[in-house]
Amino acid sequence: MPGLVDSNPAPPESQEKKPLKPCCACPETKKARDACIIEKGEEHCGHLIEAHKECMRALGFKI
C-alpha cells in the first residue's frame, strides 16, 4: 500500500565495511563538548572534553 513506512530498515552495513572515522564517533558527547566550548570557553568544559575522550577511547581511538 502506498504511504506505509517500510518496517525493515536497512542493516548498518557502513560500520561493518568501513572503519569508523573520528569525526563521526560519539556524536552526543561531541555535540555537548562543542556547544560548551563555544558558549563558555574551553577552560570551563573540561568534564565534557574528558567524557568525549573516554567515549572515543571506548571505540578504540588512541587519544
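Just so it is clear, glycine is given a Cβ too, placed from its N, Cα and C backbone atoms.
Record features, source Swiss-Prot:
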- C23, C24: Cu cation binding site (BINDING)
- C26-C55: disulfide bond (DISULFID)
- C36-C45: disulfide bond (DISULFID)
- 23-63: domain 'CHCH' (DOMAIN)
- S14: phosphoserine (MOD_RES)
- K18: N6-acetyllysine (MOD_RES)
- K30: N6-acetyllysine (MOD_RES)
- 1-20: region 'Disordered' (REGION)
- 26-36: motif 'Cx9C motif 1' (MOTIF)
- 45-55: motif 'Cx9C motif 2' (MOTIF)
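Here the features listed in Swiss-Prot are placed on the structure.
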residue	record	Cβ contacts under 8 Å, 6 or more apart
K18	N6-acetyllysine	none
C23	Cu cation binding site	none
C24	Cu cation binding site	none
C26	disulfide bond	H52, C55, M56, L59
K30	N6-acetyllysine	H52
C36	disulfide bond	H44, C45, L48
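Over the domain 'CHCH' (23-63), the average per-residue pLDDT in this prediction is 98. Other Cβ atoms within 10 Å of the Cβ of C55 (disulfide bond) number 18 in total over all chains. The Cβ neighbour count for C45 (disulfide bond), using a 10 Å radius over every protein chain in view, is 20. According to its DSSP assignment, C45 (disulfide bond) is coil. DSSP assigns K18 (N6-acetyllysine) to coil, not to a helix or a strand. Note: the motif 'Cx9C motif 1' (26-36) comprises 10 helix, 0 strand, 1 coil (DSSP; helix = H, G, I, strand = E, B).
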